[in-house]
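Record features, source TrEMBL:
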{"type": "COMPBIAS", "residues": "92-115", "note": "compositional bias 'Low complexity'"}
{"type": "COMPBIAS", "residues": "654-666", "note": "compositional bias 'Polar residues'"}
{"type": "DOMAIN", "residues": "127-235", "note": "domain 'Ig-like'"}
{"type": "DOMAIN", "residues": "327-404", "note": "domain 'Ig-like'"}
{"type": "DOMAIN", "residues": "418-512", "note": "domain 'Ig-like'"}
{"type": "DOMAIN", "residues": "601-719", "note": "domain 'Ig-like'"}
{"type": "DOMAIN", "residues": "728-824", "note": "domain 'Fibronectin type-III'"}
{"type": "DOMAIN", "residues": "826-921", "note": "domain 'Fibronectin type-III'"}
{"type": "DOMAIN", "residues": "925-1013", "note": "domain 'Ig-like'"}
{"type": "DOMAIN", "residues": "1022-1117", "note": "domain 'Fibronectin type-III'"}
{"type": "DOMAIN", "residues": "1135-1219", "note": "domain 'Ig-like'"}
{"type": "REGION", "residues": "87-136", "note": "region 'Disordered'"}
{"type": "REGION", "residues": "649-668", "note": "region 'Disordered'"}
Amino acid sequence: DPDPKPKTTEVTAGSTAVFEAETEKAGIKVKWQRAGTEITGSEKYVIKAEGNKHSLTINNVGKEDDVTYAVIAGSSKVKFELKVKEAEKSETVTPAEAAPAAPASESPAPPVESSQNTEVSSAGTAPEEPLDPIGLFVTRPQDGEVTVGGNITFTAIVAGESLLKKPSVKWFKGKWMDLGSKVGKHLQLHDSYDRNKKVYTFEMEIIEANMTFAGGYRCEVSTKDKFDSSNFNLTVNGKTNSCHLISSFHHDFFFLTEGHEEGGEFNFSALLKKRGEAKSESHSDVDVWEILRKAPPSEYEKIAFQYGITDLRGMLKRLKRIKKEEKKSTAFLKKLDPAYQVDKGQKIKLMVEVANPDADVKWLKNGQEIQVSGRYIFEAVGNKRILTINHCSLADDAAYECVVGEEKSFTELFVKEPPILITRPLEDQMVMVGERVEFECEVSEEGATVKWEKDGVELTREETFKYRFKKDGKKQYLIINETTKEDSGHYTVKTNGGVSVAELIVQEKKLEVYQSIADLTVKARDQAVFKCEVSDENVKGIWLKNGKEVVPDERIKISHIGRIHKLTIEDVTPADEADYSFIPQGFAYNLSAKLQFLEPPKIHLDCLGQSPDTIVVVAGNKLRLDVPISGDPTPTVIWQKVNKRSDLVRSNDDSMTTSENSSDLNTDGKLLFESEGRVRVEMHEDHCVFIIEGAEKEDEGVYRVIVKNPVGEDKADITVKVIDVPDPPEAPKISNIGEDCCTVQWQPPKYDGGQPVLGYILERKKKKSFRWMRLNFDLLKDLTYEARRMIEGVIYEMRIYAVNSIGMSRPSPASQPFMPIAPPSEPTHFTVEDVSDSTVALKWRPPERIGAGGLDGYIVEYCKDGSTEWIPALPGLTERTSALIKDLVTGDKLHFRIKAINLAGESGAAIIKEPITVQEILQRPKIWLPRHLRQTLVKKVGETINIVIPFQGKPRPKIIWMKDGQILESKDVGIRNSNTDTILFIRKAELHHSGAYEVTLQIENMTDKVTITIQIIDKPGPPQNIKLVDVWGFNAALEWAPPQDDGNSQIIGYTVQKADKKTMEWYTVFDHYRRTNCVVSDLIMGNEYFFRIFSENLCGLSETAATTKKPAYIQKTGTTYKPPSYKEHDFSEPPKFTHPLVNRSVIGGYNTTLSCAVRGIPKPKIFWYKNKMDLSGDAKYRMFSKQGVLTLEIRKPTPFDGGCYTCKAVNECGEAEIECRLDVRGNQMNFTDNTNTAMKKVTAKKNKKYHRSLLSEPDFFGDI
């Protein structure tokens, strides 16, 4: 609990309020609340915790802060209030308020100059330097000055009191250059954390300063939600020897530009961009060219910063041309650039262009000629000469030359080592005290050096006894084998390119004591063993003797094996008699026991001469009872077990004798003790030992020891009580089974183990499962338990354990399997369907909820009005949802109810509210004619007619069918009647079945009738009197008459067809044609045609058609057709290449192809030449021509196959040729099989794509 507790405080608005609290222990987490909401640290609320003291500071208190606050520590909560009163008005202003402290940036500390080491400290010499009132900086870095070769340090201090995590700080030179990746020989970055002042200190140290280091710098600090920056300048005094600018950058300047994957040109202009913080000034009156002309190269960068030059490199090139006229090269068309840069591990290409394409070049590195290897590749492509360096390392950072004859081209290659990045960050962890913790992260480079910190303090190698550092490739590990509460905190891993932070929370574990140490009673020179067992095998502890730590020696030994701790004392002496305790480390436990030392003489028992003493031993444990004896001569010791039936004696000489007290005790011949058995007596000079190995229940009883010698005797009785876990109870019984519950009952065990039963543990499992689930965590005192939360329909079993102070019994036998089920709900929609003079028809629907027990059936009961006796209406259960109750007395008023039955029992009853009178009800006859029968029913001949007409009426009406006014008595028409409908059935409809059918219902003098019209239809006959009226031109006119038989249905049209006399194949001219005359057009001249016509009604087309007897002849006219004459077109053209040959550079040893496309008519002949030599007869070459695509395949070319290849196409209209150059590189590099395979796939893919583009060209060869 917080002690002392914070109290209600009254402060003035605008001032600061401080509340303090103190906890009993250090390290307890404390939460502060404002109006019920948790407070987090900020500028307004400052939360501090030092040991067990905690404080909350509220700055600039306002009226809105006048609320209730609270502090929470563990389960304790203390509330207090803050009273805010208005500030008193004052017209006078104190000097301190009128003149606030100036920012630190306005009064920088004077620069300090030193030839060896200069430090610009934020603290300065003044002990109370004003704090930075704005942003995150407590003190900003100041301007500095240093001489060439000296060292200087810039310091920035950041407030960390209100920050949850360490802020991120970056250092820049100029406007854009991040110095985080430039750490090396001339630059070092440091940071630290002051726990007392709660500030972070960040330092940038420049070593062996050079003139090029001068300029403007910037420090940026950022947190999760804040950002601040500060600018400062460095002045470097003194001059150095003049040297070339690029060499100066290479050897002394550590700020390198960012490289590309393939390397690139060194960008000096980007290095020297003017800082954004500098003021834009005009220097129109200063001649910069004159200044650069007179200045040494070491001053170039300083002049560029001073006068805002953004393209220094361009100016230097022009300046060099001014100073010295450059001699033009005759061997080089394009020389190497002055400098190149590449990232470590990447590749770069250095390329020159030579004037002579056949010229040989040499490549030198630091003056030594470079030999061809796997890392250095020489290429010659036309006039270009290329040096490729693979997998650049720091050893490749050198000067390179390309030599052609007497001329050279120089360049420098800068290899930049990329910063080590954290590719996979640390993760937060929560462990228990004593567990092993392993922090893991992954960096971008194998074997990289990283720095580990805990709460801002670096973990050094001197602490390896607690922390272990491990590297595995790119993975970095921090391992803490056994954690303690003090290991909680934030752990940080840092590289020169990134930072990762993770939190470790160490919680105390709850320790369970499985076996406590027990009191020991031993004799002199015997062994005492204190033993305990705890739940955590990693927990260590100390042993205390009367409050002082036990120091092990040759006689006293302490062991810890797994979860068992032992204290063993050999040759126990009287000085060893004391209180012994075991205290586990990190837990508030104290396990205590006494060691009691027995001093001999004769039989020295506390119970001697009194009632028998009782020794309690747990079943299975060893009982060792030392009985000191004395006497001269040495007495004879006799042990007896006294019980109701026997008194057997074992003497020290292993002879069986009968006790002298045989008058009081019975004896039999059963041997009780064996010399080497489980129960035995060991004799010594001055004492005897009674031992029972693995005590059992049968060993329980009264043991008598008798000591005899000629002088006399002594005896003592010892009662041994063996206690054990209870016997398993009998199988529990299950009753009151419900939907998800049941009642479990059991009986106490027959034997309680010698100790009272403390309670019971109940377990449950599913029938088909092997996993028992415990139902109670507190012991059950009663002999019944209501088990809940079971699944309906699943078969379960129960078993029970009995528990006493010794432990838990074996489980009881499983109960009989049972299934939680519930009866269904009551049936629904229970109604009366019909009532007669002696019957009642009932109907209902199944219950809404049936459950896992299913549904066995329904029981229907009735009760006379005014009576309470329910009588079953049906014998047994019915599974149907309707019932007809018969043999009822006419005129009785009856109540009906129904219940659903399953394994769980009966459901609730569904009851008809009003009583039902058993009496026939007269009902008027009424025919319910279906909607489709209210209009004419049309059927085809041969179809089945099935007409169902429902009706109502009571008693059962008389039904009469009539057709066309006469009673229907046809044999092929069937009529079936029931209580609710009448059915007319005709198996095969005929035309004579058509007509008006009348149905009449009659009950006494009441009738109802309806009429149904049935129309049977058939296919019509063919049309009559078809005539060919006229033929003219390409037309023929036809006429006909309607068919004689319309099939009892209206004719809806005709189908007209024609057929050529030659083929007699019929084609439809008109269908669904309604007129009886038509004109058939578009007939072919010179042909003769027959015509036929089908009639059509609702049943379909007629079976036969009416056909014209004579054909209609379409006469030919006298005109003749003369086709026009055309001049044949000349498609011939000379050959023309539509796709050229392409210059190629290939690797020797792999088949390669040269392809092009040509067109021409007639198809041209193709000739291939190499260096003007015909290749037709050379077996090394294969020529292909497919659809105008020409391919020359060169089998496994060598460097001798390089040269100029020509393709020539010739036909009778002309010829055309095209050429290309093929370079073959020697296969001398040690490529792996995977690389060769990849190059083959890429080459094949490119050739396939190239051929596909060639095939897309148009083809003019004709039939190729």
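Just so you know, glycine gets a Cβ as well, placed from its N, Cα and C.
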> How many of the residues that make up the domain 'Fibronectin type-III' (728-824) does DSSP mark as helix, as strand and as coil?
Replying inline: 0 helix, 32 strand, 65 coil
>> With CB pairs under 8 Å as the measure, which of the listed stretches 127-235, 418-512, 728-824, 826-921 comes out on top against the domain 'Ig-like' (327-404)?
In response: 418-512
> Counting by DSSP, what is the helix, strand and coil composition of the domain 'Fibronectin type-III' (826-921)?
Replying inline: 0 helix, 45 strand, 51 coil
> What does DSSP give as the helix, strand and coil breakdown of the domain 'Fibronectin type-III' (1022-1117)?
Replying inline: 0 helix, 52 strand, 44 coil
> Under DSSP, the domain 'Ig-like' (1135-1219) has how many residues in helix, strand and coil?
Replying inline: 3 helix, 54 strand, 28 coil
>> Considering every residue in the domain 'Fibronectin type-III' (728-824), what is the mean pLDDT value?
In response: 91
